[in-house]
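Here TrEMBL flags Glu40, Lys80, Asn139, Ser140, Gly141, Lys142, Thr143, Ser144 as ATP binding site. As annotated by TrEMBL, domain 'Clp1 N-terminal' applies to 35-125. Taken from TrEMBL, the feature domain 'Clp1 P-loop' applies to 136-336. Under the heading domain 'Clp1 C-terminal', TrEMBL lists 342-491.
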Amino acid sequence: MSLDTSVLKSILSKSDNEPHIEKFEEQVEQHQVEVPAFQEWRFELTNKDTLKIKLTKGTAEIFGTELSPNYEYTFQGSLKSCISTFSGCTLEYYNCQPSSEYVGEETCMGTLLNLHLALENIRAKGPNGPRVLVIGPKNSGKTSLCRVIASYAEKMDGRPLYVNLNPQEPVFTIPGNLTATAISGMFNIENICLGETITTGPSFYHPKQPLVKNFGLENYRDNLKFYKYLIGQMSGCIEKRLEKSSDVRSSGIIVDTPAFHIGDLDVIQCIIDELKIDILIVVGNERLLVDLKRKLKYDENRLTLLKVAKSSGCVDMDDKLQREIQQRAIKEYFYGISSSPLSPYTMVVNLKDFVFLNPKVLEALNLAFLSGDTADDDSAEAGTGLEASAVTTSFDDYMERLKAPSSSNLENAILAFADDSDLEMGKYIGSPDDTENNTILIKTVSGRNTLGFCYVLHCDDEKGKLKLLIPSPVQHLPTKVLVVTQFRYNE
């Protein structure tokens, strides 16, 4: 069959007559920053910003985690951070203009380096590494300090146990939890939770396996009894972890905390005793250090108290920023980050097949308005739980059963999977009013490790159905006990 040349010419002629559209590559304005040695570049982003940063010359780090040269890092959403350098560096940033950015000359890099070297000397002397507790007022840089000394220890081939006792902070999981994680690889600085867990899929960074105790409330003062009980349960798990791994034991533990003042003396004492702390670091509050030396019950030969100055780069974390970070942490738990996206799954379950528990909010005097400098010397301990700690605590003070689960109390809620292994759930599911059984159930599951989390997409009261978002595809949920946390998420 011969090809009609007239048809070919017609096609070519039509192609030539079509308008020619030139494609221009989007021009991205790049900014360059020169950061001198022992200084840091500080930047702030709003909720809608996406900033890309590249290290083009020298060496630099973000809270102890070293940046790779000529690698594009992406930072999304509300963020206040800094990039520091010991030798000087050149940075490029583009894609958006930070709401605030400048080079800070006054840093605490030298102090943190000296602190790291002192901790390394302790690690070199024996099989047991230092047990460091970091406390201080709000916005004093406690978490940044913990991240730095944990990262430096990891660089020296250590595996420190990073313990987070602040339920407001998302550390390797969503907020509302107390965690303990062996740091066996660098932090993921692009992830608001510092890294991915081993269940979230393949990752460029070494996945972490955190030990998670679900508190379920945002403020530890909402239920001090439950909070201290979980610290005790966490302590037992930490000791077992240290016994199993000589690397972790020799590297020690680093404990991050909520904002404490002298009115929280009983909680601080509880942490020191339960976790066998031997180094207490107070950040940015000399008065608090002096008060603790006077009032703490401790052996001077076993516990060392130190003061570290607050960095001039510390910024205020207002409630709006805190909420945005918490919401983003929940989103990243299910959907991942831009460089490592995840695909969560939906599941529909029957309400009647599960037991729902609620963490209790106990009425207590809230001393949050006091700072470490203004709390009364001798009366600050009143009303903080010192008297209650001597009384046997009922497990019913920790949680309560949700007898009528519905859309009014479940819609958009984050649910925690409680460990109900070795429990005969049949006798608990059908008896919401059985007080004795409910107490046994709460006593059994309240201190156990959390198995994971799900998000309530929709609750159908008429059909008694619950539509859940879960991180992994499963035919059945791993538990019949779901803890309704205080946290909500809106997609």
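Every residue gets a Cβ built from N, Cα and C, even glycine.
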Message = Max CA to CA distance in Å over the ATP-binding set Glu40, Lys80, Asn139, Ser140, Gly141, Lys142, Thr143, Ser144?
response = 18
Ask   = Looking only at the domain 'Clp1 N-terminal' (35-125), what are its DSSP counts of helix, strand and coil residues?
value = 17 helix, 45 strand, 29 coil
Request  = Give the helix, strand or coil assignment DSSP yields for Thr143 (ATP binding site).
outcome  = helix
Request  = Please work out which residue of Asn139, Ser144 has the most C-beta neighbours within 10 angstroms of its C-beta, and give that one of the binding-site residues.
outcome  = Ser144
Chain-internal residues near Lys80 (ATP binding site), provided their CB is under 8 angstroms and they sit 6+ positions away = Arg42, Phe43, Glu44, Leu45, Val315, Met317, Leu321
Inquiry  = Let's check the environment of Gly141 (ATP binding site): how many other CB atoms sit within 10 Å of its CB?
reply    = 24
Ask   = List, in sequence order, the same-chain residues at least six positions removed whose CB sits under 8 Å from that of Thr143 (ATP binding site)?
value = Asn166, Glu169, Asp256
Query = Along the domain 'Clp1 C-terminal' (342-491), what average pLDDT does this model show?
reply = 83
Key: Under 8 Å by Cβ from Glu40 (ATP binding site), counting only residues of that chain that are 6 or more apart   = Cys82, Ile83, Ser84, Thr85, Val103, Gly104, Thr107, Met109, Gly313
Remark   = If you count the other CB atoms within 10 A of the CB of Ser140 (ATP binding site), including all protein chains displayed, you should get 23
Task = Inside 10 Å of the Cβ of Lys142 (ATP binding site), count up the other Cβ atoms and send me the figure.
result = 28
